[in-house]
Amino acid sequence: IFFALSPAWGGLITLSSYNKFNNDCFKDSLIVGFGNICTSMFAGFVIFSIVGYLAKELNMPVDAVVEQGPGLAFIVFPDVVTRLPIPPVWSVLFFFMLITLGMGSEFALLETVMTAVQDTYPPLRQKKVYVVLTVSVAGYLGGLVVCTEGGMYILQLMDTYAASWAVFIMAILECVIIAWLYGADTFIRDIEMM
């Protein structure tokens, strides 16, 4: 649930900052956590049934069929989609789903960076269009590195060192800093006040 919700990336905090002050954050956290558990379990059933089907169809052990990351989305699933009735329709639906999931994640990430920039420099709140354009262009230029021949290696390096244990350590540090410097009792009182 930790890596699925990505609490240390700031997206949940940014999006929740737009709530009313007296919003029931306890209820919201239960809904988001329970919804994440349900969708993760459903996705697990779907993924493992597809991988099991392919293993039986290809007469291979399951671990030979399974690939992590982009291999699962761009090799295993498209292979299964071609075996369904009316493959072009399912292919369009599958890749449309991937695009919408990716864009949804990008919008949350963009909003997180924009909010951080605008909170750091309040005069920029009046120029939101320029902030969006600047952050988007910077993200585009940074992403061009991954489009080179060595892009897959760079992506794996970023995934290994920036998006796994580093995020977990940052989340622990966030909790320690809030509890120690701000004060756990003060934080609990703030939540109760809301």
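Quick reminder: no glycine exception, Cβ is built from N, Cα and C everywhere.
As the structure is a computational prediction, the values presented were derived from the model and not from experiment.
Going by TrEMBL, these are the annotated features:
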- 30-55: transmembrane segment (TRANSMEM)
- Asn36, Leu101, Ser105: Na(+) binding site (BINDING)
- 89-110: transmembrane segment (TRANSMEM)
- 130-155: transmembrane segment (TRANSMEM)
- 161-184: transmembrane segment (TRANSMEM)
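Panel annotation: around the transmembrane segment (130-155), residues 110, 113-114, 117-118, 124 of the same chain, lying at least six beyond its termini, place a Cβ under 8 Å from a Cβ of the stretch.
Long-range contacts of the transmembrane segment (30-55) within the same chain: residues 1, 4-5, 12, 61-62, 64-66, 72, 76-77, 79-80, each at least 6 residues beyond the stretch ends and with a Cβ under 8 Å from a Cβ of the stretch.
Remark: Ser105 (Na(+) binding site) has no non-local neighbours by Cβ distance under 8 Å and separation of at least 6 in sequence. Listed in sequence order, the residues Ala4, Gly104 complete the 8 Å Cβ shell around the Na(+) site centroid, once Asn36, Leu101, Ser105 themselves are left out. In sequence order, the list of same-chain residues 6 or more apart from Leu101 (Na(+) binding site) whose Cβ falls under 8 Å from its Cβ is empty.
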